[in-house]
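Before any comments, here is the structure.
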Amino acid sequence: MSFVDLEQGRHKIEQNGDFPALASSIAQEIHALRGNTAAIHRYLVNNLTKNLHEVLEQSRELSQKVRSDLVRLANIKDTKYGEEASSFALSKLTRDFNTVLAELQRVQQKCAQQESDSVAAAQAALNQDVGQHFIEEEERNVSLSNNSSGQRQPLTESKISNSQLEYQQRLINERQGEIENLTQGINELNEIFRDLSTIINEQGELVTNIEYNVGNTSTNTKNASRQLQIANEHSRKARKRSFCFLVILVVILGVILTALIMG
């Protein structure tokens, strides 16, 4: 499914209060995708194949779902949640998803390379077996021909049968199909990366404005705090001057009263 399909109806903004619930669901999906990616990495390190392709397919479907949900989230306008909070939440989820996708793509590419190397080795071994089988069949035909002419020679048993060769070829074909699926999955991840860049670019201007406003608020708060400190300093100095003036006035009055009493 292309991003264009997901974008249909984008001009019609959803008016509901599902933003927090959907954002929480996306966060859980990203967490699950991160766990799958770690599991795939363990499979590769330990050279395990059981359940590997099931986890790969599950991760592929989960990636598509997260992409779809992020588009839905970008379309939601939740007045209760707030535009700034919504924008920051969407931006964080998008970046988290982008990080997980990059790691998933890396392990998928490694998986495809290992699978390709293994298939190439298996095909080379099969080609050798086919060649050996052909030689043995020719030798058997010669022996049968000699036996029919009265020259008896022991017949050698072929080391590998046609059915075994066909079975090995089917296994190789299946693994080649898995490589094609891996390649398709990697291409789908590239499409998702492009979609994420679109979402990030659309949110970028709003996030920049919000960050600018937050920066201004922080600057204004610091300025206000500084002005308050200056005002407190002036007030303290003014109180000190008033106290000094009062002391001087008391001293003067004391001198005058003393003079009057003594006079």
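Placement of Cβ uses the backbone N, Cα and C atoms for every residue, glycine included.
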Feature phosphoserine, as given in Swiss-Prot - residue among Ser148, Ser218: Ser148
Feature phosphoserine (Swiss-Prot), candidate list Ser163, Ser225, Ser235, assigned to Ser163
